[in-house]
């Protein structure tokens, strides 16, 4: 595997794509949907000149761009292949997603326990969406849709006849009242969640000591990403952690446009091990290194 491919940017990209949905935008491209936007450096001729020749058929049936902000081409994974943060991308029409039985989807992707599956909305979201409400219940989404429908009736239109049963002023008041009720409910939920967080602070602090240093760094980084509208590939590094929360032997930085990625070896506390070039162009093998 090329040192640029285990790009840790794939953690943020895959997680955001799976759980939040926004696409990744290159520099100059417009953001679609909500969520952070990753602005990558352009893949110009200088960056492409540093790429190795792409694999050829029959070993490779489809070429895709390497994960993160890399510019080189690599083989795409096929449907059913194992995937995750440190793997190549899935092929066209596929998406790397955790298995339905996974209790911690993001952690599964970080540990490479995902699989390439059809990217249709039904297959991706069925395991994460709540069960459909009974006919007598109305969800907030339905209320928003109904409110929007009522509000659209208020707007004059030459192509629509206003129903005499719905007076424009009365309909507009219903929209306002529903909006105020939703805001009040949201405030109540937020207040109750804050109270619960305060009560559980001591227990969370106690559990935090059980996590390894890599796990704590990774969670701090991901929590920080939630509040960013624009992500800079230069300033974010998501560590490679083992199941116990300690650092894996091999850590990598992703490619950044014309700048190639690199890897280095560390002990389980994240300290670089001597004798390994941290910015070498060749792949770094840490399998024989004992992380003590």
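Glycine residues also receive a Cβ, built from the backbone N, Cα and C atoms like all the rest.
Swiss-Prot lists 1-27 with the feature signal peptide.
Annotation source Swiss-Prot lists domain 'IGFBP N-terminal' at 36-119.
As annotated by Swiss-Prot, disulfide bond applies to 40-69 (among others).
The disulfide bond annotation in Swiss-Prot covers 43-71 (among others) and rests on sequence analysis. Here the Cβ of residue 71 (disulfide bond) has 23 other Cβ atoms within 10 Å, regardless of which shown protein chain they belong to.
The secondary structure of residue 72 (disulfide bond), as reduced to three states from DSSP, is coil rather than helix or strand. Around residue 72 (disulfide bond), a 10 Å sphere centred on its CB holds 20 further CB atoms from the protein chains shown. Here Swiss-Prot flags 51-72 (among others) as disulfide bond, drawing on sequence analysis.
The 10 Å shell around the Cβ of residue 60 (disulfide bond) contains 14 further Cβ atoms across the protein chains shown. If you look up Swiss-Prot, you'll see 60-75 (among others) marked as disulfide bond.
Classification of residue 96 (disulfide bond) by DSSP places it within a strand. Neighbour count (other Cβ atoms within 10 Å of the Cβ, all protein chains): 27 for residue 96 (disulfide bond). The disulfide bond feature in Swiss-Prot is assigned to 83-96 (among others); the stated evidence is sequence analysis.
For 90-116 (among others), the entry in Swiss-Prot reads disulfide bond, with the evidence type sequence analysis. Neighbours of residue 116 (disulfide bond), defined as other CB atoms within 10 A of its CB across all chains, total 23.
Within 10 Å of the C-beta atom of residue 118 (N-linked glycosylation site) sit 14 other C-beta atoms, taking all shown protein chains into account. Residues annotated as N-linked glycosylation site in Swiss-Prot, with sequence analysis given as evidence: 118 (among others).
Summarising the annotation, Swiss-Prot assigns N-linked glycosylation site to 124 (among others) and lists sequence analysis as the type of evidence.
The region 'Disordered' feature in Swiss-Prot is assigned to 127-161 (among others).
The compositional bias 'Polar residues' annotation in Swiss-Prot covers 129-139 (among others).
Annotation comment: Swiss-Prot describes 137 (among others) as N-linked glycosylation site.
Taken from Swiss-Prot, the feature phosphoserine applies to 149 (among others).
Marked as region 'Disordered' by Swiss-Prot: 191-211 (among others).
Annotation source Swiss-Prot lists compositional bias 'Polar residues' at 192-203 (among others).
Here the candidates are the disulfide-bonded residues 40, 60, 90, 96, 263. The one whose C-alpha lies nearest to that of residue 71 (disulfide bond) is 40. Here the domain 'IGFBP N-terminal' (36-119) has a mean pLDDT of 85 out of 100.
In the three-state DSSP reading, residue 51 (disulfide bond) counts as coil. Separating the Cα atoms of residue 286 (disulfide bond) and residue 263 (disulfide bond) is a whole-number distance of 10 Å.
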